[in-house]
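Here's the structure we're looking at; comments come further down.
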């Protein structure tokens, strides 16, 4: 068993190190293994005391190097089956370069991969894209700066103190902190002071100007993203801090103690609801709490359109979830999470939305706190008296959480469509009937922390089938071609219904479609790819899809 485990581990370690062009430290290897496989390296099972001791027993897989600062760097030794991938990674650009000619070609013409094409280079994809911070990390940076500006030199310490982990921007594809700040220039301003670069949230700058004409109290109200909605739910002073001012907290505690002594029925009922989860009268549930409503999905994408996407959650190449990048809805999700954190982090407000036991049932739309952030979720199943499994409608994953973490979702937080789109990779099927762990691991590495180009093929049973292309390398990398060349997939020229989604598709169960998503409504026989052109005389660029080749 140890020998078999070691062989599997060698493949996984080689795959992770090949995907890391600059190599990984032993600590980074541990983190990436946990992120990819969802469990720690099996050191004890194999009789090792440390990761370094493990990799020294893989001389044919790992080369141990030393960096300029003396740190140990682990690099992959490619075998015959992975030399192609290693070559692709080695050709990956260090800096984003302009692809003006490629952009022009994209606007002028675009054709689709065909069944017989080995790697459809005839398709001119979108130009290379800059790395993108996940929405939660962007919101964390905004949250960190919302209380006061920070010197750039103090950012790492402040981030670690606030969120309990280091801000490792390199894992998201950034080469420097300046690149991170440029990517967030719409929300963070860098001011040069005598003490150094000062990071300021744009909202704080705007409010600072307004305070010259607006009374101080009103200006502080406008700083809060939730505005009037939050003002109705809690005292004005509480809307300015995550914790109640000490005087008010003590006053409320005294009032609660007096209520217990006098045995007021209403307060007893509230206490029972919070501590024992007993059935509470309907009037005690806030009128804006969602009780019988579903989120709707995003409108279906037109066939053959090109979109920037981020892969958020992967089960296999036949079951994963994406976000559409650069749309108004994607920015609204970031703002929504930021606002929900402010609202539900206040105890007085949060306690109003505690869910009674009768409301904790499958299909209930609500929200849950995970790692200090609040997510919109649908209860999938009740596991026991303390735990439930929920589906995160904006990110696509199922997760087991404590019942006590659940809260009713405020009504206006349900207006934004669910952002996670269920997807399958177009035109591929696993060679062995089901995807191997190595194939899944490779696919995750291809997708991780990158903005990709998605080429829409069609919808099948509510699942979006699309091609994925990485344009950040010298040559465009098509994921279906990589999986085929590695021997993990067959390119079949048609979309095989996803077995994983047939077994369980939470989006289909709990999210209402936005309009009709049937193929007849989305796919037109003579549909042509249309892309905008600044030259009015050139007309609209089009490209026909050859039905015979399909």
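Cβ atoms are placed via backbone N, Cα and C, with glycine included.
Listed features, source TrEMBL:
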DOMAIN    5-78  domain 'HTH OST-type'
REGION    99-120  region 'Disordered'
COMPBIAS  106-115  compositional bias 'Low complexity'
DOMAIN    129-204  domain 'HTH OST-type'
REGION    210-288  region 'Disordered'
COMPBIAS  212-275  compositional bias 'Acidic residues'
REGION    511-550  region 'Disordered'
COMPBIAS  525-537  compositional bias 'Basic and acidic residues'
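Averaged over the domain 'HTH OST-type' (5-78), the predicted model reaches a pLDDT of 84. Within the domain 'HTH OST-type' (5-78), the DSSP-based counts of helix, strand and coil residues read 36 helix, 11 strand, 27 coil. With DSSP classes pooled into helix, strand and coil, the tally for the domain 'HTH OST-type' (129-204) is 38 helix, 14 strand, 24 coil.
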